[in-house]
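A.B. asks: Have a look at the structure that comes next, please.
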């Protein structure tokens, strides 16, 4: 068995195609195989990042030499930047709510209809699984974990790895990250840009309900295109979510980061 495991590990390590590794990870059910695939993905991402940094350093050195020779004009075209269009569509969200859905500890649903907490947790777990190999991403909720736009980019890049270079992203450039993720998701998956970039930039932490709604829509678009399987249960309608959230609040089940009370 050890010889087989070793051979399997070597075979996986020899794969240099990110898309193939992602598809294998989606289909893998054995814990050890998933562990090896995740390790291979991390190693591949690391190699790509190092290669990119090396190429960037080489280009910068070439530019310095060309500048000294007075040939700056011909060198600037070697560093293209991805063009992203501003997001014009917006989603009406309450500006002051920053509640996190990641704290819900719902158990797996049975044959009965799923409640909102079940579905939120399942969708959160799905986001974690898809972005696990990506450095700089640690999804714990639908609010603060998405504040710099990197998590959005990682999730989109997982399904469309050829659309942009993930390793060139800067967490401090929030606007660029948001616009890149939403524009790519709209172009490649047909996902409408329900989140407004300007609103996100004015908030330290995004409204969890807005992020949750957008991720739901992105997931639905992937399912429609056959890029992701259905979750174990269907996603509930918005009105059902509203009713269940009100019920949670009445029983003290919903956690809120703000302490504003509803007017009587």
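Yeah, the Cβs are placed from backbone N, Cα and C, and that goes for glycine too.
According to TrEMBL, the record shows the following:
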REGION    46-115  region 'Disordered'
COMPBIAS  52-64  compositional bias 'Basic and acidic residues'
COMPBIAS  65-80  compositional bias 'Polar residues'
COMPBIAS  96-115  compositional bias 'Low complexity'
DOMAIN    117-223  domain 'Calponin-homology (CH)'
REGION    234-264  region 'Disordered'
COMPBIAS  238-250  compositional bias 'Acidic residues'
COMPBIAS  251-264  compositional bias 'Basic and acidic residues'
A.B. asks: Summarise the domain 'Calponin-homology (CH)' (117-223) as counts of helix, strand and coil residues per DSSP.
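C.D. replies: Tallying H, G and I as helix, E and B as strand, the rest coil: 68 helix, 0 strand, 39 coil.
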A.B. asks: Average the pLDDT scores across the domain 'Calponin-homology (CH)' (117-223) and report the rounded value.
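C.D. replies: PLDDT averaged over the stretch: 94.
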